[in-house]
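Visitor: Next up is a structure, given as structure tokens.
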Amino acid sequence: MALSSFNLSSLLFLLFFTPSVFSYSYQPSLNPHETSATSFCKNTPYPDACFTSLKLSISINISPNILSFLLQTLQTALSEAGKLTDLLSGAGVSNNLVEGQRGSLQDCKDLHHITSSFLKRSISKIQDGVNDSRKLADARAYLSAALTNKITCLEGLESASGPLKPKLVTSFTTTYKHISNSLSALPKQRRTTNPKTGGNTKNRRLLGLFPDWVYKKDHRFLEDSSDGYDEYDPSESLVVAADGTGNFSTINEAISFAPNMSNDRVLIYVKEGVYDENIDIPIYKTNIVLIGDGSDVTFITGNRSVGDGWTTFRSATLAVSGEGFLARDIMITNTAGPEKHQAVALRVNADFVALYRCVIDGYQDTLYTHSFRQFYRECDIYGTIDYIFGNAAVVFQGCNIVSKLPMPGQFTVITAQSRDTQDEDTGISMQNCSILASEDLFNSSNKVKSYLGRPWREFSRTVVMESYIDEFIDGSGWSKWNGGEALDTLYYGEYNNNGPGSETVKRVNWPGFHIMGYEDAFNFTATEFITGDGWLGSTSFPYDNGI
């Protein structure tokens with residue numbers, strides 16, 4: 001339950017005006033407003049940029065209110081984002097920017113559009129939610145996603161050339177400094193459940209807790225379909241059939257037909273068959289629900305890859321940017337093969353996304369959990385290297401995580417989490433999963449090393465809890481990234497696992513590795529880590545809300 005007594009202004013006052021701040025060396029040239037702004041900014045990652053963003057407030061003698069400082073920092077970020085949008089709109093004209101990889105410029109434009117949209121939503125959440133911890137958690141999720149968008153875009157621009165490139169990089173750096181400052185100033189979400197009394201409810205369906213954006217007729221469908229999609233009324237859905245017996249023969253046609261910015265669930269029943277298409281669900285296609293006939297008969301397949309010139313981001317067979325996306329009983333695969341390197345089957349950069357009883361199959365970089373809050377229940381996920389990666393806040397429950405045999409000379413590694421700052425509310429949590437090897441890998445496990453994860457970025461965060469770990473996982477458990485950075489800043493944790501690969505006596509001795517206790521593990525449950533009690537009940541999918 002949200003803490004109604006939570007007050008942003010009060011907490012920020014405590015955060016920034018402690019006795020240590022009052023002892024901050026007095027500077028005669030600063031008026032009281034400047035002193036307050038300096039105290040606020042010195043706690044941010046980029047104090048100079050922060051102070052610059054507050055100059056207007058100081059110059060017109062706005063009362064030194066921490067909430068107003070935070071909103072002004074966000075307004076500055078939004079203003080700088082507008083300038084960056086203008087630069088991006090002219091990119092690619094007259095060869096002022098030449099892509100090194102197909103889709104990298106469009107990636108930037110799309111991701112920055114998402115950032116700008118969610119900056120506005122963050123401001124609204126903070127203005128309206130000073131007493132609502134859940135709205136503040138939403139704002140933190142939005143800003144964490146924005147920082148992930150920056151990293152993805154700059155990675156794509158690395159291989160680009162042209163006179164506009166340095167201007168774009170500078171504009172990105174300026175804009176996202178203010179976003180980073182805003183995120184650091186927002187208080188972290190306080191625990192909504194007492195771990196000592198909350199317990200765990202197995203197979204929980206909180207069907208009474210529907211968010212405002214789920215309409216009543218969707219309540220009825222989701223409740224009726226909780227034990228099987230076959231109980232819904234086909235007249236209330238769009239039907240896709242590869243054999244021509246539906247409303248559409250491709251999934252893309254159904255997505256295009258679906259209304260934009262829908263507050264209703266848009267139900268798309270995908271009949272059994274093979275759908276060879278790259279599907280993009282853009283930000284304005286909200287609340288799309290894909291329902292298959294079963295992951296053994298309904299297939300979405302594609303073969304884009306980095307090896308063929310695509311960006312990792314653009315290589316996805318199914319790409320989801322629309323909030324509220326759900327899928328069940330479907331197989332999503334990328335058939336490019338291990339020799340094509342990064343080749344994504346599913347990419348998700350949208351909030352409140354959940355998948356149930358799906359299969360996600362590929363080799364390197366199978367599942368790109370890019371950003372926002374995501375949930376996967378009873379899914380089978382296959383791959384070789386970094387096959388669950390990205391910077392979402394994501395929980396996997398009851399999933400089979402299956403490592404496949406890589407190319408000769410390679411090792412297998414399941415996760416590559418890319419949290420870039422300690423302020424980001426992101427990470428990978430696996431609970432009650434089974435970590436397994438395919439038959440050919442298992443038979444070669446004495447020759448091929450296999451690991452639970454490695455740190456893609458400095459503050460990488462991954463935990464494995466209450467899960468079965470088979471013996472193919474190396475005793476060290478975790479692998480370094482090239483060069484061995486981030487070993488003291490990452491957070492890798494294990495809690496109450498079982499199976500022959502779960503023994504921790506030979507685990508890495510890095511400062512960032514933890515054998516977790518109950519309370520630490522509780523922080524990575526669906527309720528705490530992805531605010532699951534606020535939205536998972538609307539999906540009809542089962543979930544466990546504790547340890």
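Cβ coordinates are placed from backbone N, Cα and C, and glycine is handled just like the others.
In case it's useful when we look at the structure, here is the feature table from Swiss-Prot:
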type	residues	note
SIGNAL	1-23	signal peptide
REGION	31-185	region 'Pectinesterase inhibitor 12'
CARBOHYD	N131	N-linked glycosylation site
REGION	237-533	region 'Pectinesterase 12'
CARBOHYD	N247	N-linked glycosylation site
CARBOHYD	N260	N-linked glycosylation site
CARBOHYD	N303	N-linked glycosylation site
BINDING	T312, Q342, R454, W456	substrate binding site
ACT_SITE	D365	active site, proton donor
DISULFID	C379-C399	disulfide bond
ACT_SITE	D386	active site, nucleophile
CARBOHYD	N432	N-linked glycosylation site
CARBOHYD	N443	N-linked glycosylation site
CARBOHYD	N523	N-linked glycosylation site
Visitor: How far apart, in Å, are the two Cα atoms that lie farthest from each other among T312, Q342, R454, W456, the residues recorded as binding substrate?
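Guide: Largest Cα to Cα distance for the substrate-binding set is 18 Å.
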Visitor: Just to verify: the residue among T312, N432 with the fewest other Cβ atoms within 10 Å, which of the recorded positions is it?
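Guide: Ranked by other Cβ atoms within 10 Å, the recorded positions T312, N432 bottom out at N432.
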Visitor: Please name which of the recorded positions listed here, C379, C399, W456, is nearest in space to D386 (active site, nucleophile), Cα against Cα.
Guide: W456
Visitor: Please report the distance from the Cα of D365 (active site, proton donor) to the Cα of N303 (N-linked glycosylation site), rounded to the nearest angstrom.
Guide: 13
Visitor: Could you find out if DSSP has N260 (N-linked glycosylation site) as helix, strand or coil?
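Guide: Its secondary structure by DSSP: coil.
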Visitor: Averaged over the region 'Pectinesterase inhibitor 12' (31-185), what pLDDT does the prediction give?
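Guide: PLDDT averaged over the stretch: 90.
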Visitor: Determine, to the nearest whole angstrom, how far the Cα atom of N303 (N-linked glycosylation site) is from the Cα atom of W456 (substrate binding site).
Guide: 24
Visitor: If you count, for each of the glycosylation sites N260, N443, the other Cβ atoms lying within 10 Å of its Cβ, which residue has the minimum?
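Guide: Minimum Cβ neighbour count within 10 Å, taken over the glycosylation sites N260, N443, occurs at N260.
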Visitor: Could you measure between R454 (substrate binding site) and C399 (disulfide bond) for me? Cα positions, answer in whole angstrom.
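Guide: For R454 (substrate binding site) versus C399 (disulfide bond), the Cα atoms are 20 Å apart.
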Visitor: Kindly assign N432 (N-linked glycosylation site) to one of the three DSSP-derived states: helix, strand or coil.
Guide: coil
Visitor: Nearest by CA distance to N432 (N-linked glycosylation site): which of the binding-site residues is it, out of T312, Q342, W456?
Guide: W456
Visitor: For N260 (N-linked glycosylation site) and N247 (N-linked glycosylation site), what Cα-Cα distance in Å is obtained after rounding to a whole number?
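Guide: On Cα coordinates alone, these residues lie 18 Å apart.
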Visitor: So of all those recorded positions, N247, C379, W456, N523, which one's Cα sits nearest to N443 (N-linked glycosylation site)?
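Guide: Spatially nearest to N443 (N-linked glycosylation site) by Cα position is C379.
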Visitor: List the same-chain residues at least 6 positions away in sequence whose Cβ sits under 8 Å from the Cβ of N247 (N-linked glycosylation site), in sequence order, or say none.
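Guide: Correct list: L238, V239, V240, A254, F257.
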Visitor: Three-state secondary structure of the residue listed as 'active site, nucleophile' from DSSP?
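Guide: Going by the DSSP assignment, the residue listed as 'active site, nucleophile' falls within a strand, counted as strand.
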Visitor: If H, G and I count as helix, E and B as strand, and all else as coil, what does DSSP give for C379 (disulfide bond)?
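Guide: Once the DSSP labels are grouped into three classes, C379 (disulfide bond) ends up as coil.
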